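Copied over from Swiss-Prot:
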ACT_SITE  108  active site
ACT_SITE  159  active site
DISULFID  198-235  disulfide bond
CARBOHYD  272  N-linked glycosylation site
SIGNAL    1-29  signal peptide
């Protein structure tokens, strides 16, 4: 009897289990984020430590909606995308940006940054704000999901102006109705810097909004979650609201990402990035297909299989 046989079988089992885990990367969550990047310009992203931090934030998400992109050159997002695609192999990433939006000289754009091997843009449009209800009308996007449960969803980003939070959030319900009818989709995420707290909107007025009273809407980033960087403030300005039974059934987690704490930044350092935390939702069971493996992982797996007999890993 080979006294090492048990060891060989045990080791072989671990090796095969490791390989199966590598191949079964499809069980991971799908993360959707919204981030007010605070006056994002070409000069800002050209600062190395700002770029490095932004890339680390974006690399956590499958889709990020950036707000307050005020770059008039059109070069900031491509530069950010280039560095993101060089970062850690989690890409490739692509982007989709709105035109510059605003009533006066000050204008912003929305920008979607997304992992193009996990999701694709199916449709998009700028909400036709004929009555000028929004300072920055939503730039609506429909995205595919690698899911049999939920093959696509719609994102409706909004950065409200602090002087008109309540009327803009009332009008956001009309945008929801418009997109639901246009694309026959009930699975919709409303997200962004709503300024829906503190001095901008009282709790009483917030709770009177149709988006709060109408059945079917789930405010995933709950009241009381601090989405601001400054220690002197505690406001839930940034929100993510989910509509649709299938979409809500996939919700695994939601909240704000405290990037200063995660990355070891002081408040002063963090404020050079933004005065807002990103907010995010994670959808479980969203991904069902095998994720692409890196070349190094494939080579390591093949080497392990080829060397198993020599290493005594075979039973």
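Cβ from N, Cα, C; glycine included.
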> Which one of these disulfide-bonded residues has the most other Cβ atoms within 10 Å of its own Cβ: 198, 235?
Replying inline: 235
> What Cα-Cα separation, expressed in whole Å, is found between residue 272 (N-linked glycosylation site) and residue 159 (active site)?
Replying inline: 20
> Looking only at Cβ atoms, how many others are within 10 Å of the one on residue 159 (active site)?
Replying inline: 25
> Which of the three DSSP states, helix, strand or coil, fits residue 198 (disulfide bond)?
Replying inline: helix
> What's the CA to CA span in angstrom from residue 235 (disulfide bond) over to residue 159 (active site)?
Replying inline: 15
>> If you count, for each of the recorded positions 108, 272, the other Cβ atoms lying within 10 Å of its Cβ, which residue has the minimum?
In response: 272
> Under a three-state reduction of DSSP output, how is residue 108 (active site) classified: helix, strand, or coil?
Replying inline: strand
> If one measures from the C-alpha of residue 198 (disulfide bond) to the C-alpha of residue 159 (active site), what distance in angstrom results, rounded to a whole number?
Replying inline: 16
